[in-house]
């Protein structure tokens, strides 16, 4: 970054000043050579969003050249040119004879830009808040977005340019009234570039979770309004950066690193700035707030405690709530397998319901005993965790361990290494106890193989509830089943035995809820076992919701719930096993050589539509699914679809839409009224069905640059539709099929389902009629939501102009083509 000062001789200054003309009121958003801005003058962006000029902070006599929102009271400043060098009331802004933007302050010239040009440039303030210097050919020579201050506006970048070593980082103000650089810096992690860091000086103060490429969010983003902010992460050989834009043009929003080190997310409500999110949320989220070897408790207020067997390094400061020096062990450890003079060796105390410390070191070991031994034999190891057969150890000081409340189900167990003298009578895991526990466990497992867990292992699938003959009897069916449906409850030991102790070889996959395992019963039948992960963003409420709702639903196109297990911290659902897994593996899987033929795709579409119609209109409870997507469509041995994952589903009554403050679901499938306003109805599911139908027809994922004017699948489909080229959307493996007429019809139905306004979309009963009756005429669709494409023609062409063909009925084809 350039900003610097230079002194100019009086004669040169006089010559320079002779070329500067009085600022013209005719200039609105641009400064040209020969014009200048004094303290009382400003320029305004073309759409009157932002204003540039000099301002003076509260309780200050200094002046700064800055950019602020034009029509928001209180002058919310988003960028400053001279935060290091404030000026007085006699300063002016102009373009120098060499084409640089400068601030003249008496005999001092402060260079805002340092570019090499012929001098014929202009500086324009854009409605994005970006100040851009361009040459006579409109080439951008410099922009303020490349030199951020403390505010991260839509369209700006957070990251670094690998080609020139430049970074886009944000530095806080020193205080609310002092814009000079403060103590806190917001930056992208240069070592592990897929997360955000806040530094306090040179020390790490806070870090975000890791970026999840598939969902375009950071892991478990607390309270982030993803329905407003569209984040994207770019990483290539040239640059690595995070950027974002807003889903709605009428939103005014910004992110800012404030003088207290908080990354805050603001939105203008019309009267004030609403704080949507703030990180770190509290002191416990601050790295090393409690120092080393301590734990932080959030409730009722942040408080630090030394870990068991440790004491404060500075008791005096600790008693004054100054915890930065942390704690140290009271008694020394024996190293490795050595014992003290009394013959006692080091052991471990189990700390339950904690957030694990930072910087774990994963180890490739097979058992809990091996994990324990690895830590015990490493003199620098401070503790370990063993979760889902994964071992991690911690080296050196333990930092940012958080103790959760007793009713919090998101915590996990941590084994703290302590000398024998400190183990006492608490919940410890010494060598002898571990050996006894392992022996008992092995004995029990042998018993399980023969007799234990008969409730699941001997469960008779043939007596589980089947769909009634008249599944779609509407009100009569619901009246017949007003009584709560009871579902079998299996013991954890039997579930564990059926899945071979949840072995990796039995693991089918993992979703937002947690891992899914294949279980085998005594008669050879197979089941699917969904186990709630302690790291899952979904919890007890979602599991209970899924169990209660799906137990009351019986339809051939809905997955069948066989029972559940609620035992201690274990929360498990048991389903029928579907051998072909999920639809997304066939559409997008990288290892699947099978592609779906036209007849198979249509049968899947029809089955999904029938399942949704049952949920909306004919089930015992009328249900809105809210998370319909390809990975939630499971396929049986005959490729019949079954809708799954009802953790986000909601029952409803009447036809009025409902609203929620908690937006859940999968972006790309969510209807605009739900993603942006939290309003959902049966039409929200219709929108998701439309997106899913487009994916089934095209084999494409929702996001991707399909052509220069289209940002996603909806935009691409719409662009092809209005330009009379709908068949170009079809999956390449369908190109040789004689199915043009049906394909165009299905694309038309999909576009009707994804129209922007819910009132324009058909109901699922109308969709089923359109799918099943080729004689039913279809209306022309309106522009879909989130399409973000330019219209290529003024009117929608009549589908009848396209040549119809007949379709092949092949069920499955094999192809060597690259996966999509």
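Think of each number as a place in line: the chain as shown, counted from 1.
Note: Cβ is positioned from N, Cα and C throughout, glycine not excepted.
Caution: TrEMBL annotation is automatic and unverified by curators.
Here TrEMBL flags 1-26 as signal peptide. What TrEMBL lists as domain 'Bulb-type lectin' is 28-146. Per TrEMBL, the feature domain 'EGF-like' maps to 280-316. According to TrEMBL, the domain 'Apple' annotation covers 335-419. Residues annotated as domain 'Protein kinase' in TrEMBL: 502-776.
Beyond its flanks by at least six residues, the domain 'EGF-like' (280-316) meets 198, 203-207, 222, 261-262, 322-331, 349, 351, 354, 358, 382, 397-403, 405, 416, 418-419, 422, 426 of its own chain at Cβ-Cβ distances under 8 Å.
Here the domain 'EGF-like' (280-316) has a mean pLDDT of 89 out of 100. Broken down by DSSP into helix, strand and coil, the domain 'EGF-like' (280-316) contains 5 helix, 12 strand, 20 coil.
Using DSSP to sort the residues of the domain 'Bulb-type lectin' (28-146) gives these counts of helix, strand and coil: 3 helix, 52 strand, 64 coil. With DSSP classes pooled into helix, strand and coil, the tally for the domain 'Apple' (335-419) is 9 helix, 38 strand, 38 coil.
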